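In Swiss-Prot this protein carries:
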BINDING   Arg48, Arg54  NADP(+) binding site
BINDING   Arg125, Ser126, Ser127, Asn238, Ala239, Gly278, Lys293, Pro294, Thr295, Ser296, Ser297, Arg319  FMN binding site
Amino acid sequence: MSGSTLGHLFCVTNFGESHGPAIGCVIDGCPPGMSLSEADIQPELDRRRPGTSRHVTQRNEPDAVEILSGVHEGRTTGTPICLLIRNTDQRSKDYGNIVQTFRPGHADYTYWHKYGLRDPRGGGRSSARLTAPMVGAGAVAKKWLKEHHGIAFRGGMAALGEIDIAFEGWQHVPDNPFFAPNASQIGQLEDFMDALRKEGDSVGARIVVEATGVPVGWGEPLFDKLDADIAHVMMGLNAVKGVEIGAGFASVAHRGSMHGDELTPQGFRSNHAGGVLGGISTGQDIRVSIAIKPTSSIRTPRQSIDLQGQPATVETFGRHDPCVGIRATPIAEALLALVLMDHALRHRAQCGDVRLPVAPIAAHLPDA
């Protein structure tokens, strides 16, 4: 199946299905000499893994990663790195009632018409389970970017359904199951999800992720713009229906006198561009927001058709996230890291010798 690989110099090929024996990825292009073990990758997978709260799928997968190649005596060799995650808690029988029908809003219908067949067990190749290997690959990219450029990543939920989540500080993100940068609204979010689960329905979310410390100059003009590649990879995340860079769609209501980020010798005065101008990084924080649609696998009966095109009623009884966005923050961080890692290597290959007599200005004013 095409469409399973991303990147130019740091390439990641994803493989597996939701209810197959295992899922994983092959990373081709990781520079040699970096220390790497499963212990460097597992914490990121643990942030994403299912079954960690009552608000997510109760499929209990340990998501224990195995490094099969590309590492010798604790260091990357420069050859392809294969990461494997074995599936241990499949319940394929839960999907028996949808083998002959299509779930509204799901890839069942489009996969059937494209390939002439589909794997109904947990969505097969279209399952969000396939994001786990990308989080593993993202952990490798994060480690290299931090060690070589001091780049850090952070993210959190900005909205759950119709509830806007006020930003109170990134320090709150690890303290709640929603990855919310907020301490005062968690009870409201929990009550909302408890009621939703009883209704047998689902809801969407908005997630914001940032990369700090990205140098100025990464990205390419026109069709390989840094923000274009970011949008491309974010749209590859299951259930994402919208991507914003910086001010995004709010830019429509801005005046040019406000929107353009003014430069001073002391630093930028704002960051409406989200850290990218002309497809090239400015040295400011790269800020990305994604919109995630409601989960399509729900218990609420809905109208559909069967494989013969006849009317059918669909109910889904498998274990699913009532909101895919609850576990999306570490996934979006990983995807952003993969894009930046690829562009870091591309920039080094073409422009690594470029030197200017004047240093870049600060990402923001000292008191900002």
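Every residue, even glycine, has its Cβ placed from backbone N, Cα and C.
Known features from Swiss-Prot, placed on the structure.
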{"residue": "Arg48", "record": "NADP(+) binding site", "Cβ neighbours (10 Å)": "23"}
{"residue": "Arg54", "record": "NADP(+) binding site", "Cβ neighbours (10 Å)": "12"}
{"residue": "Arg125", "record": "FMN binding site", "Cβ neighbours (10 Å)": "21"}
{"residue": "Ser127", "record": "FMN binding site", "Cβ neighbours (10 Å)": "21"}
{"residue": "Ala239", "record": "FMN binding site", "Cβ neighbours (10 Å)": "21"}
{"residue": "Lys293", "record": "FMN binding site", "Cβ neighbours (10 Å)": "17"}
{"residue": "Thr295", "record": "FMN binding site", "Cβ neighbours (10 Å)": "23"}
{"residue": "Ser297", "record": "FMN binding site", "Cβ neighbours (10 Å)": "25"}
Rounded to a whole number, how many Å is the Cα of Ala239 (FMN binding site) away from the Cα of Arg48 (NADP(+) binding site)?
-> 16
Fill in the CA-CA distance, Ser297 (FMN binding site) to Arg54 (NADP(+) binding site), as an integer in Å.
-> 17
Which whole-number value in Å describes the distance between the Cα atoms of Arg48 (NADP(+) binding site) and Ser127 (FMN binding site)?
-> 14
Within 10 Å of Arg54 (NADP(+) binding site) (Cα-Cα), which of the binding-site residues Arg125, Lys293, Thr295?
-> none
